[in-house]
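TrEMBL has this to say about the protein:
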type	residues	note
ACT_SITE	Y64	active site, proton donor
BINDING	H127	substrate binding site
DOMAIN	29-300	domain 'NADP-dependent oxidoreductase'
SITE	K94	site 'Lowers pKa of active site Tyr'
Amino acid sequence: MAATTLNSVTKIPKMELSSSSGPVSMPVIGFGTAADNNDDATLISAVLESIKLGYRHFDTASVYGSEQALGEAIAEALRLGLIPSRDDLFITSKLWPSEAHAHLVLPSLQKSLRTLQLEYLDLYLIHWPITVTPGKGESPFDKQDLMPMDFKSVWAAMEECQRLGLTKSIGVSNFSCKKLENLLSFATIPPSVNQVEMNPVWQQKKLTEFCKANGIIVAAFSPLGAKGVSWGASDVMDNEVLKEIAKTHGKTVAQVCLRWVYEQGAAPIVKSYNKERLKENLQIFDWELSEDDYDKIGQIKQHRMMLQEELVSAHGPYKSIEELWDGEL
């Protein structure tokens with residue numbers, strides 16, 4: 001199971017990854033770099049500001065188009081002395097479906113490392129539990145390019161990446177309990193992390209319980225509902241129950257959401273280029289939600305926001321949304 005320690009400098013707790021090669025600690029709040037439009041200069045500035053505030057965990061992916069800017073920001077942070085070494089950071093990237101073929105896993109990771117100007121990642125994730133024809137990775141995918149993933153061979157290639165020291169740990173993203181159970185049945189190195197959509201409007205209770213029981217840390221993307229992105233919504237930030245709880249504690253709705261995710265034992269991945277919001281997002285560790293708060297949050301109507309219909313096809317591995325998520329809707 002994951003252990004939590006406190007970094008005395010930044011005051012950001014860390015989670016110890018249970019199946020990594022050697023001790024690896026992941027700060028419980030990550031700075032996300034996914035966006036519909038990534039402006040390099042804005043991202044570099046935001047990353048540098050976040051490092052000054054204490055952020056040490058940065059989440060990217062080959063598909064985000066943010067690896068190069070993140071790498072430049074890290075290099076600049078080192079040059080300015082904002083961090084003593086690259087080892088001070090926790091960097092995550094992800095394997096895109098068009099590269100989720102056994103022979104393409106290592107080259108894909110190596111490409112990400114070159115783009116990031118790094119020698120290793122702290123965590124490398126399979127982005128989606130599906131494979132797409134090589135070279136056909138532009139989203140939305142053509143339905144004829146969707147194919148079942150050869151989980152065994154792809155995961156074996158992920159394990160080899162860890163053994164080579166190119167990533168300290170490996171994991172998955174958007175995997176259901178059923179898909180995790182399948183992976184655990186043959187994995188030599190079990191996944192350290194499953195990154196999924198999680199917030200008070202989509203609480204993922206079944207999945208988080210499964211992950212805890214199997215020593216897998218849940219990283220939560222869209223902990224605030226991803227308002228402003230193409231598939232996101234204001235359902236979380238405009239929720240009246242959460243507004244009431246925030247008012248009671250003298251906090252923002254965002255802080256209530258992040259505190260709730262943290263109290264579930266998960267690690268929220270937040271994205272903001274606003275200095276004040278970046279600060280606010282870190283101010284969640286010196287207070288707690290009450291039992292009454294939990295009762296109210298437990299009554300919020302649940303629904304998943306990111307359905308990812310483009311992965312569903314009559315001729316692909318998932319014939320319906322129910323199949324894609326194994327009924328976790």
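Placement of Cβ uses the backbone N, Cα and C atoms for every residue, glycine included.
TrEMBL annotations: computationally assigned, not manually curated.
Under the three-state DSSP scheme, Y64 (active site, proton donor) falls in the helix class. Counting every protein chain shown, the number of other Cβ atoms lying within 10 Å of the Cβ of the residue listed as 'substrate binding site' is 19. Neighbours of Y64 (active site, proton donor), defined as other CB atoms within 10 A of its CB across all chains, total 19.
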